[in-house]
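Look at Swiss-Prot and you will find 1-21 tagged as region 'Disordered'. As annotated by Swiss-Prot, domain 'DPCK' applies to 26-225, with the evidence given as sequence analysis. The feature ATP binding site is assigned by Swiss-Prot to GLY34, SER35, GLY36, LYS37, SER38, ALA39.
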Amino acid sequence: MSKYAAAPSPYSHQPQTPEHKSKTLVVGLTGGIGSGKSAASDWFAQQGIDIIDADVIAHEVVVKGSSTLRKIQRKFGDWVLNANGDMDRAAVRTHVFTYPDALIELEAITHPAIREAAKKQLAESTSPYVVLSAPLLIEAAEAGLANLCQRILVMDATENTQLARASQRDALSVQKIEAIMVNQLSREERNRHADDVVLNESDLAALYVQLEPLHQDYLKLAQQLKFAAD
């Protein structure tokens, strides 16, 4: 897979419209549960790279009193709120798991808000390039986050490694982890949409050895993009 040519993908993460034509290189970071996304994200942050975390944004856009939470309440009813006026995440999670169409309706509300918040953070970034971390960057094509990225970096790990890490880190049952994995792309499918793949099967030191040359490549690409935009 070419270091500098994007891999063909039906999810098309190449810039499509003027709003994506930024002088800042955006690297989309994704991977299955337990693949090491957080470890990679932390390492890039230690190198001075700004991190846009879609999971964090997803929580921020539905805080108590937010316009997004009010839209969810109007769509589904008052039961989406707990006694404190916060979103009852457990109730909402159970509802969308039981009624798949409800998940589509929920994401139609949350995805635009997440995308706009990500774009705002991108516009405010001052680092040489930006890492946009999103577990479902490829799967959730309708969210449009992948279209903000010029590169897709996939953290890869075997299913056994994913299960071991996730069960140790999150104290989840094997059944729960497997249920999460079912809703994510397979390793093979995810890797087909990647520009860069890091096989994370060992310790942090081994991971960092793989990330360093990618970081240097991204710095060079960021410079090329900046000069091309000037």
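Numbers run from 1 along the shown chain.
A Cβ is built for glycine as well, from the same backbone N, Cα and C atoms used for every other residue.
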For SER35 (ATP binding site), the number of other Cβ atoms found within 10 Å of its own Cβ: 27
Cβ contacts of GLY34 (ATP binding site) (under 8 Å, same chain, 6 or more positions away): ALA157, THR161, GLN162, LEU163, ALA164, ARG165, ALA166, ARG169, ILE177
Other same-chain residues whose Cβ falls within 8 Å of the Cβ centroid of GLY34, SER35, GLY36, LYS37, SER38, ALA39, the recorded ATP site, in sequence order: GLY31, ALA40, MET155, ALA157, ARG165, ASN200
Other C-beta atoms that fall within 10 angstroms of the C-beta of SER38 (ATP binding site): 16
Sequence-distant neighbours of GLY36 (ATP binding site) in its chain (C-beta under 8 A, six or more apart): MET155, ALA157, ARG165, VAL198, ASN200, LEU207
Average pLDDT across the domain 'DPCK' (26-225), rounded to a whole number: 93
Which same-chain residues, if any, lie at least 6 apart from LYS37 (ATP binding site) yet have Cβ under 8 Å of it: LEU29, THR30, GLY31, SER133, PRO135, MET155
Cβ neighbour count (within 10 Å, all chains shown) around ALA39 (ATP binding site): 16
